[in-house]
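Okay, structure first, notes after.
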Amino acid sequence: MRLPRFSSTVMLSLLMVQTGILVFLVSRQVPSSPAGLGERVHVLVLSSWRSGSSFVGQLFSQHPDVFYLMEPAWHVWDTLSQGSAPALHMAVRDLIRSVFLCDMDVFDAYLPWRRNISDLFQWAVSRALCSPPVCEAFARGNISSEEVCKPLCATRPFGLAQEACSSYSHVVLKEVRFFNLQVLYPLLSDPALNLRIVHLVRDPRAVLRSREQTAKALARDNGIVLGTNGTWVEADPRLRVVNEVCRSHVRIAEAALHKPPPFLQDRYRLVRYEDLARDPLTVIRELYAFTGLGLTPQLQTWIHNITHGSGPGARREAFKTTSRDALSVSQAWRHTLPFAKIRRVQELCGGALQLLGYRSVHSELEQRDLSLDLLLPRGMDSFKWASSTEKQPES
């Protein structure tokens, strides 16, 4: 049987098409998912400082299917500290995208040439960086400890982070350096990513109380939020940073819940820290289901222990996830903040309180009365939409 013959022109055209397809696929630089695990899931825990995001990050980090990093964009702000938050948005977004794709070369611009795992910000809170293939401190399925991991794993080669990242079905990043949702639209519509956003919010009055305990540690970031061209801001008596944080939460929530773009459907989840404190396992099951994870018995025991400690935790533990009474933590501001400050926060953050479902107090008596529930029921129908473009009180 005679086979059909093709002209050299046709063959060249076919070869060029084949080459073009190959170049396109390679240029996307989409790493394959771990064998047998299906499409990789990317999760961004989007929050602000002192809102319980480190705790939520640990809920993901300790899961055996998750590669987790805490605030990788810290390195962007550390290197470009004279910039403002809006000016740094694109650099932060580009770094986040690269890390989601397990491309750790993106840190070349922000870290020393010779680097170890310990050069990553808060590296030891990542269970994935304390277990194989990075380190042998913990078996891959075990709950990790920052204190144990640090001395054993600090000098491990940085390149192992990329190898570890590529071996997990889920990549989860916690970040506090986005102040609107629109900057993330390119990631949400990126075919290389399968992105879910967990938007964690907390009562602004509780946030203020926690910020006051950690003022020095937040001074540089405060300056970037306020656009001070590199000047650190420790004292903030007019609560300008809290005001901006509240406005950003309103912008993000409105964009996601009020006429969202089609590509955001089923990819955004608003979580209030107070709901998590009241009923940890229910909220965590919902979060895991949203992100395609299962709750193991070992994780369930750890979550119970970490949320049923005694008291709100010591001040020296402000940036650590330790065993505490989660409900006590969420209510601590009602015992400690002067009512004058609470009233000021309510003036500045009225839109956020209304939108996110927090009830205002109108006297010190109401503030101290813990039988008065300040948390409104969850669900869009419970919230009256407040506009982030409304005129804010002068600060």
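From the backbone N, Cα and C atoms, a Cβ is placed for every residue, glycine too.
Feature annotations, reproduced from Swiss-Prot:
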TOPO_DOM  1-7  topological domain 'Cytoplasmic'
TRANSMEM  8-26  transmembrane segment
TOPO_DOM  27-395  topological domain 'Lumenal'
BINDING   49-55, 202-210  3'-phosphoadenylyl sulfate binding site
CARBOHYD  ASN116  N-linked glycosylation site
CARBOHYD  ASN142  N-linked glycosylation site
CARBOHYD  ASN229  N-linked glycosylation site
CARBOHYD  ASN305  N-linked glycosylation site
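DSSP assigns PHE55 (3'-phosphoadenylyl sulfate binding site) to a helix in the three-state reduction.
For ARG209 (3'-phosphoadenylyl sulfate binding site), the Cβ neighbour count at a 10 Å cut-off comes to 21, with all displayed protein chains included. Cα-Cα distance from ASN305 (N-linked glycosylation site) to PHE55 (3'-phosphoadenylyl sulfate binding site): 13 Å (rounded to the nearest whole number). Candidate glycosylation sites: ASN116, ASN142, ASN229. Nearest to PHE55 (3'-phosphoadenylyl sulfate binding site) by Cα distance: ASN142. Mean pLDDT across the topological domain 'Cytoplasmic' (1-7) comes to 44 in this model. For the recorded site, TRP49 (3'-phosphoadenylyl sulfate binding site), the DSSP three-state label reads coil.
Note on proximity: among ASN116, ASN142, ASN229, the glycosylation sites of the record, the Cα nearest ARG205 (3'-phosphoadenylyl sulfate binding site) is that of ASN229. Look at ASN116 (N-linked glycosylation site): DSSP puts it in a strand.
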